[in-house]
Amino acid sequence: MKKNNFLHKHQKTLAPLLSLVLIILVTASITPGFLSIKIVDGHLFGSLLDILHRATPTALVALGMAVVIGTRGIDLSVGAVIAISGAVTAVLTVNTDFPVWLVILCALGTGVVCGLWNGILVSIFNIQPIVATLILMVAGRGIAQMITEGQIVTFHSDVLDAIGNGYFLAFPIRVWIAIGMIVLTVLVMRKTALGLFIEAVGANVRASRLVGIEARLLVLSAYVFSGFCAAMSGIILAADIRGADANNAGLWLELDAILAVVLAGASLAGGRIYLLLTIVGVLIIQTLTTAILTSGLPAQYNLVVKATIILAVLLIQSPKTRQWLSGFFLKNKNAGKSSTGKASTDKRSAKP
């Protein structure tokens, strides 16, 4: 009984974790040496470290996406914001004498401005989030191409090289950046009232306003935070390839971020934010990507698998499916009780 209560209480947490473990085990069974980790020149190397390394940009974007979805919104523009911030990083590094810290600050500021634009459209002008962010999703890559003048801009910077591919204490620096951002976000969302207020807005915006919560300001802040996280991801991706590709930077990353939030158990209807489970969702996605690539399947299968998973999870989360499952299990439970009661009655009747 206690075991069943534990499983029921922690099913939202256990499901993503068990899924991640299962995918890792299956991938390890088809990929020799997948679980092996080596130390070369004081740095850790291996498939698991490569997953962490490649998952960093998605993890940062997914943090912002989780907060936005918690407000009953969505941000389709994160890929375009990544392209814009990467373009700003590359162009300022090549064409100006700005110190690296100022270049990074300008790129982050660009992401904040993009998030502010989305937030104003959603919270002030009451435009549907999917439409408001679609505007920047479409226009953003054009803006990035204007910044780079349609070229792939390459650059060299020791600091940016370290951010993209450097190591600290045997781990990639970009992983440490992501860990720091995750810890900071979790502390702010769970140790202050901010997270509770954002979830309240997502659950019922009208009720939250009646109790004095500044719903518009919170929604605006959520989109600004998403833009900031996307800009961080754009800087890391630009530093990784030492250049800016406005056409391909952050392409389809919004799909990965949304999928990670959905895998965490959050509903697209808002009202709940699962930050740590969202990161587990990111690791699931990256492990799946690695498994597909190492299995020899074409890379195009990756998008099909992700879209299928999103569809499956959304179907499971739908009220109709939940109603059907509840009725099914309740029917079986009642049938079991009926069979037990009938057996007990027959047993008593058989006694002399």
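Cβ from N, Cα, C; glycine included.
Quantities reported herein were computed from a predicted structural model and do not represent experimental measurements.
The transmembrane segment annotation in TrEMBL covers 52-69, 76-94, 100-122, 129-147, 167-189, 217-237, 249-266, 273-293, 299-316.
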The transmembrane segment (100-122) touching the transmembrane segment (129-147) per 3+ Cβ pairs under 8 Å rule: yes
Annotated stretches the transmembrane segment (76-94) and the transmembrane segment (249-266) touching (3 or more Cβ pairs under 8 Å): yes
The transmembrane segment (167-189) in contact with the transmembrane segment (100-122), cutoff 8 A, at least 3 CB pairs, sep 6+: no
The transmembrane segment (100-122) versus listed stretches 52-69, 217-237, 249-266: most Cβ pairs under 8 Å: 217-237
